[in-house]
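Worksheet: one structure, shown below.
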């Protein structure tokens with residue numbers, strides 16, 4: 001008889017409070033991303049408090065908007081179960097909502113502090129995509145965000161570790177570990193952004209982040225069974241991915257042709273807005 005090593009979504013309990021792996025992993029991704037960004041921001045010459053403010057407030061409002069975004073597209077359920085709306089520890093946050101909330105918050109702080117949002121975006125972009133890659137393991141622990149049914153033999157032929165295969169056995173069926181596909185794509189994106197950043201112009205790394213992440217998300221989303229749907233045929237995440245790819249490409253072209261942005265490695269802190277460099 002096959003024995004499955006099933007992981008409990010609850011890491012430990014503190015009295016009446018159940019602490020889930022989901023929250024621990026999300027927090028770990030944010031912290032690791034912060035330390036990586038901290039090393040980058042030192043090289044440019046920004047004050048450390050600036051980075052703390054941007055990451056802290058962007059994370060806070062990012063989570064809030066991510067939850068609101070998710071609830072809006074699942075409104076028929078939450079109108080019947082309003083008490084569950086704040087229960088983010090059960091899962092149910094949408095990364096695209098988080099990106100919207102985080103980006104808007106970051107831009108506001110950059111404006112207030114008179115610093116260049118594209119330069120800060122270049123600093124934070126590798127940390128963001130790494131954090132997203134780590135965060136997908138929170139979905140794994142919650143046994144969510146998976147693909148359609150698949151046989152165990154197919155998963156074994158993909159040389160996926162047994163502990164992952166075992167935990168893809170949900171309600172009597174094995175499922176595609178789409179969390180893993182997206183996580184690996186994001187981690188590869190982190191490596192690429194780190195290696196290329198010093199050779200790119202200010203703003204390019206952030207734009208490449210939008211493009212790289214969105215390409216991967218578009219294809220992975222097509223395999224998922226729990227997608228937020230705009231209509232019966234249109235997945236919200238795929239539509240948002242297309243929009244972000246276009247935004248990334250357009251901004252990169254405009255900043256290269258119209259503004260001739262300086263190279264990332266050649267400048268110190270830039271003010272808002274980015275000065276033209278011929």
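Note that Cβ sites are derived from N, Cα and C of the backbone, with glycine treated the same way.
Because the structure is a prediction, the values reported are computed rather than measured.
Going by Swiss-Prot, these are the annotated features:
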- 21-41: transmembrane segment (TRANSMEM)
- 54-74: transmembrane segment (TRANSMEM)
- 88-108: transmembrane segment (TRANSMEM)
- 176-196: transmembrane segment (TRANSMEM)
- 234-254: transmembrane segment (TRANSMEM)
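Beyond the ends of the transmembrane segment (54-74), by six or more residues, the same chain brings 30, 33-34, 37, 85-86, 88, 92-106, 109-110, 120, 124, 228-230, 236 to within a C-beta distance below 8 angstroms of the stretch. Among residues of the same chain six or more beyond the transmembrane segment (88-108), those with a C-beta under 8 A of the stretch's C-beta atoms are 18, 20, 22-23, 54, 57-71, 73-74, 117, 120-121, 124, 132, 135, 138-139, 142, 144-145, 217, 228, 236-237, 240, 244.
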